[in-house]
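What follows is one structure encoded as structure tokens, with my remarks underneath.
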Amino acid sequence: MNIALAGNPNTGKTSLFNILTGSYEYVGNWTGVTVEKKVGVLKNKVGRLIDLPGIYSLNPLSRDEGVATQFLLSEDFSLILNIVDAAQIERNLYLTIQLLEYGRPMVIGLNMIDVAKSRGFQIDAKNLSKRLLGSPIVPIVARTGKGCDQLAANFQAMKERKVEPLFIDYGPELEQAVGTLIERLNHVELPSKRWMALQFFEGNSLVRELLQKHIASSELTALFEQTEQQVISGKTGIKNLQQHIRSVRGDVIRAILSDCLTRTKEVEYTFSETVDQIVTNKYLGIPIFLLFMFLIFKFTFDWVGTPLSDLLDAFFSGPLTEWLTQALVAVGASDFIQAVLLNGIVAGVGGVLVFVPQIFMLFFLISFIEDSGYMARVAMVMDKLMEMIGLNGKAFIPMIIGFGCNVPGVMAARTIEQPKERLLTIILTPLMSCSARLSVYSLFVGAFFTQHQALIVLSLYLLGIVVALGLAKIFSSTLLKQSSSMFVVELPPYRFPQWRTLMRSTWEKGKGFIRKAGTFIFGGSVVIWFLSYAGPGGLNVDMNNSYLAMIGGLIAPLFAPLGFGTWQAGAALLTGFLAKEVVVSTMNIIYVAPDLATLQGTMANFYSPLSAYSFMVFLLLYVPCLATVAVIKKETASARWTWFSIGYALMIAYLIALMIYWGGKFLGFQ
Amino acid sequence: MVLSEMKQGSIVKILNTDRVSEIVRRRLIDLGMMEGATIRIKRILPFGGPFAVEICGQWIGIRRCEAKSIEVEWAS
């Protein structure tokens, strides 16, 4: 049995999904849409639960929201699990009514019943159930799991029940038109024809598309316009069909609630109000936000993340390598196998895995901010600035996250409704200088800019931001022209996040990183190592005669105008595509340096300070790393935009590095 | 009067949202912010920034340009 989980955004749908399923089964893609829908097996094994994106209405505003409607139209399921926020019951029932009109058995989870009670809402669930076709209604608290077992116990029995669609009288004019439309569909096999007719008159574009397969578009338009005329004439304050339908449903909901809902008190949100007065304050808003960001980076890179990463690094390069060597010697493995494992896989995969503590720390803190309710305020504080460059406040969050790692940054763009603003955010987030790039800067500034290390690094971070904002302005007024920008954000009350939820969402965000290390970074490391190990002269050749040197030498002339036309730089940049921090390890191998000081000394023979800076600028901008490219591909679901994000970055990197190198020369820098 | 002229803390009734763009108007209706609804202005962000309003116990942030297109009157 398939159960569709539907509800308004921000009503605890994902919490309920996690509690009812216990684990994610797989991520499913449905016909025509590329938005993720989660599918999980219910703990009590009676069926599968399908988590649909949060929607306010079945009449979709964006493509993303169309997923739920598309699901109803084309997928097979036997039961709807509707989650309703008890504290926002009037607004939530609007979706419930539409789902009941569709005519499938429904179970309703009345969520956040604790919050509703504390706000003085008393809901008579029994009576409400009667008014909603007898659908079982179970009060739950999805965040803690209270009532969820009881909710799940209803699924089996409800599935068997035959239900009639909910009937609401929309007035003689509309009812007549609905009748006409249903009659026209007499000969076609379609589920819930009345529901379809109503959705059509409400202006649902997906339903219209489907109807057009059976009825000529001109006929539909004529019927629509004629009905609209009839309905709105003689009514004051009603301007179109959509409004009429909405107001009829609104009346029905209010009538139901007058029977089932008692408000015992009016509550003021004093706590949230006080917090908001501080964090969105005229003068303090932006400084407080910057302080939060500073603290996040401190936690991630200084206080907790990096020390743990260093421990892991020491473990990989120390005990693990030793044990592996001993084990390999013990089983009599050949030199070649030993080299593959130790210099290839352990160095390559281990080099990426050491970042796990930092990445999880960052995700944990970001989850904390998301769950606390502060993220929506950040979007609001930053909106004005972002609007000027053709984005909206919500785009700021992915960019901030991108400073930690571009991969979660790109994923965070999901919260942006406008497809074009979302796409723009996705392709520009990789310009944020991530933590992996910092390791390369450290190497270079230590060798060439000992006097002004911090200033040089800061200039690179700023360059990334300036280029991203500038390109946002350019792209949004050319390639990705907006017809209508939009920014409407719900500001949830502040709350202290639950451990359970935090752990879960940290893991959900971070697990992909580990999976990647085990798959394509694993493979890539072996290849790179092999290229440096083998050459035309055979195996275990001198590095300068290896295939890696040949490949690096092939592209090196391209970089000559930028000031670093050596095969070593070419090879390092090539491997840097795998992950930017790999540049450091590649240079370690290439310059055969046992430690940092030696490496920096050797590099002085190959770079001047100016060409070193030009190299860093190129590295900052040139291409998103492989993991980021993969996630861009996944999030945009478009090979074209993925290639675009690589292509524009390469071009802009070349152009800016060229300008800096020759501009610097002209000004007399070395 | 339009929403953007009101001061922080005002309680107003929405009269007309016709001038708001279609996509934003529909989202506002989804959130219950439609003609006839009573709202309270919670916060106004500086430098032409967004408005935060309260409606039916929930808070919503909207842009000032949208607030300029929403006609309101004092709620009695």
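Glycine is no exception: its Cβ is also placed from the backbone N, Cα and C atoms.
Residues or ranges marked as domain 'FeoB-type G' in TrEMBL: A:1-161.
Sequence annotations record features per position, and here TrEMBL assigns transmembrane segment to A:283-303 (among others).
TrEMBL lists A:349-369 (among others) with the feature transmembrane segment.
Sequence annotations record features per position, and here TrEMBL assigns transmembrane segment to A:389-411 (among others). Beyond its flanks by at least six residues, the transmembrane segment (A:389-411) meets 293, 296-297, 300, 355, 358-359, 362-363, 366, 375, 378-383, 418, 421, 424-426, 428-430, 432-436, 461, 465, 468-469, 472-473, 475-477, 480, 482, 485-487, 489, 509, 512-513, 624-625, 627-628, 631-632, 635 of its own chain at Cβ-Cβ distances under 8 Å.
Per TrEMBL, the feature transmembrane segment maps to A:423-449 (among others).
Annotated transmembrane segment per TrEMBL: A:455-476 (among others), in sequence order. Sequence-distant contacts of the transmembrane segment (A:455-476) (same chain, six or more residues past either end, CB-CB distance under 8 Å): 388-391, 399, 403, 420, 424, 427-429, 431-433, 437-438, 441-442, 445, 449, 482, 613, 616-617, 620-621, 648, 652, 656.
The transmembrane segment feature in TrEMBL is assigned to A:513-534 (among others).
TrEMBL lists A:546-564 (among others) with the feature transmembrane segment.
Among the features that TrEMBL reports, transmembrane segment is placed at A:613-632 (among others).
Under the heading transmembrane segment, TrEMBL lists A:644-664 (among others).
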In the same chain, residues at least 6 away from the ends of the transmembrane segment (A:613-632) whose Cβ sits under 8 Å of its Cβ atoms read 406-407, 410-411, 426-427, 430-431, 433, 436-437, 440-441, 444, 448-449, 456, 460, 463-464, 467, 513, 516, 520-521, 524, 559, 562-564, 569, 573, 576-580, 583, 607, 641-642, 645-646, 649-650, 652-654, 656-657, 660-661, 664
Residues outside the transmembrane segment (A:423-449) whose C-beta sits under 8 Å from one of its C-beta atoms, at least 6 past its ends, are 300-301, 355, 358, 390-391, 395, 398-400, 402-406, 409-410, 413, 416, 456-457, 460-461, 464-465, 467-468, 471-472, 475-476, 480, 576, 579-581, 583-584, 587, 596, 599-601, 603-604, 607-609, 612-613, 615-616, 619-621, 624-625, 628, 632, 635-636, 641, 644-645, 648-649
